[in-house]
């Protein structure tokens with residue numbers, strides 16, 4: 001990483017004039033967040049834009065876009081709004097932490113205050129659990145329930161543990177994720193919520209009160225009164241649901257060479273096990289459906305040379321490249337943002353081939 005760089009990587013940014021979404025390479029420094037367009041695996045200079053962080057306000061989680069739950073919102077002193085989407089909750093929170101630190105760099109006490117997690121949480125006297133549940137049911141601003149898959153079974157009208165934590169913070173019921181977990185646990189204890197599926201039920205059985213509600217994107221919950229028996233996987237099944245039913249092992253933004261036009265585009269890659277699949281999504285699209293993917297059984301993965309353009313790669317694309325050859329001899333050329341990231345992806349994929 002260059003001197004003075006606090007964090008860098010891909011984020012998906014909403015356009016100012018036309019509200020489309022495009023992947024950009026962001027570099028965070030002490031007082032600015034700069035973003036670049038990428039062409040042929042390289043960032044195009046000069047930068048596409050620069051966000052001055054002095055006087056900025058940050059909203060995270062930001063739930064203004066229903067189909068984009070991993071957003072950070074920045075509002076500058078001139079009231080310009082930026083919406084930035086990360087590839088995972090962990091990555092979103094890491095960006096938010098660093099950006100918040102950069103905004104308040106001159107006030108160390110403020111940074112400490114912003115990131116301190118309180119060990120105890122008491123519900124404010126003017127807010128009742130009934131009121132929170134009523135707001136959760138609101139058709140416009142409430143928590144969104146939908147069918148979710150876990151280990152091959154579909155559960156109707158459920159939501160993710162991490163989504164409820166985001167919602168509680170966004171609606172100002174709590175100030176931190178730790179407080180939100182405590183509040184969600186209270187909702188379960190009072191029988192407003194019920195765990196659904198192996199992951200969340202397992203946490204209940206563990207007996208550890210501190211970890212009964214999981215701030216996790218694989219743990220499912222539902223309103224107690226809407227609990228339904230799980231649908232048999234035989235009733236609702238297709239090839240894609242089988243492929244997507246595995247446990248997420250790793251996810252992130254990577255550049256990929258197209259099969260027909262050979263152009264390079266940033267995609268959000270999701271690696272799953274049991275069954276082992278690597279899917280990729282178009283981050284500019286609203287729907288959360290993969291645009292491609294393949295089984296890793298019998299696949300080969302290897303790093304490509306960093307000196308010069310490797311065979312099979314179109315254009316002047318060099319550095320941090322790796323290749324996956326599937327069982328049916330389809331070649332996928334992928335570029336990571338650093339050697340370390342490439343090594344992590346290769347190691348994770350190799351374990352599943």
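These residue numbers are counts, starting from 1, taken along the chain as shown.
The backbone N, Cα and C atoms fix where each Cβ goes, glycine too.
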From 120, 145, 238, the annotation phosphoserine in Swiss-Prot is attached to 120
Is it possible to list how many residues within the domain 'DEP' (139-225) are helical, extended or coil according to DSSP? 38 helix, 21 strand, 28 coil
